[in-house]
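Look at TrEMBL and you will find Arg19 tagged as site 'Transition state stabilizer'. Per TrEMBL, the feature active site, proton acceptor maps to Tyr24. Look at TrEMBL and you will find Asn75, His81, Asp88, Ile102, Ser103, Arg112 tagged as substrate binding site. Residues or ranges marked as active site, proton donor in TrEMBL: His101.
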Amino acid sequence: MSRLVYVLNGPNLNLLGKRQPAIYGYETLADVEADCRRVGQELGLEIAFHQSNAEHQIIDWIHKARERAGGIVINPAAFTHTSVAILDALNTCEFPIIEVHISNVHKRESFRHHSYVSLVASGVIAGFGTQGYQLALQRLARLIEEAKK
Ligand code: DQA
């Protein structure tokens, strides 16, 4: 299985560090990308890191990933709670998918308690701050190893 992992980020995450820091913290998306690249290197994973505010762009990256990647880490942001189209795209992938939320969505408004993406995710990480991305990569590396056996 490919050791290329796509790390995909949805709308408004480009403002990480400036956006509601009491909820999402002060780390920027560039910090998260640097963490993912460092942890990815330790785990022997190649990282393709992307963010978009546009649903179609995220779907296009999922389509690219399904051809060449071994897994996806995705924080779909608000699309988590709305996008059947992203769920459908993820359902075309045959590798593990880990859903990440920086905040603990279950402690927040009830509309954040439902996730379309959870229907396809191997696992969900929420409320661990930006560290959740690193934990997701660790889990994905394990799943990719296990798939080899
Ligand atoms: C989020 C949680 C979502 O409910 C929200 O719309 C986001 C970020 C998180 O990382 O905690 O934009 O996915």
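Keep in mind that glycine also has a Cβ here, set from the backbone N, Cα and C atoms.
Counted over every protein chain shown, other Cβ atoms within 10 Å are most numerous around Asn75 among the binding-site residues Asn75, Ser103.
For His81 (substrate binding site), the spatially nearest entry among the recorded positions Arg19, Tyr24, His101 is His101, judged by CA separation. Comparing CA positions across the recorded positions Arg19, Tyr24, His101, the one lying closest to Asn75 (substrate binding site) turns out to be His101. Considering only the recorded positions Arg19, Tyr24, His101, Asp88 (substrate binding site) has His101 as its nearest partner by CA-CA distance. Checked against Arg112 (substrate binding site), the recorded positions Arg19, Tyr24, His101 differ in C-alpha distance, with His101 being the nearest.
For the recorded positions Arg19, His81, His101, Arg112, the greatest number of Cβ atoms within 10 Å around a candidate Cβ is found at His101. Its Cβ placed at the centre, Asp88 (substrate binding site) has 13 other Cβ atoms within 10 Å. Checked against ligand 1, the recorded positions Arg19, Asp88, Ser103 give Ser103 in sequence order as having a Cβ less than 6 Å away from one of its atoms.
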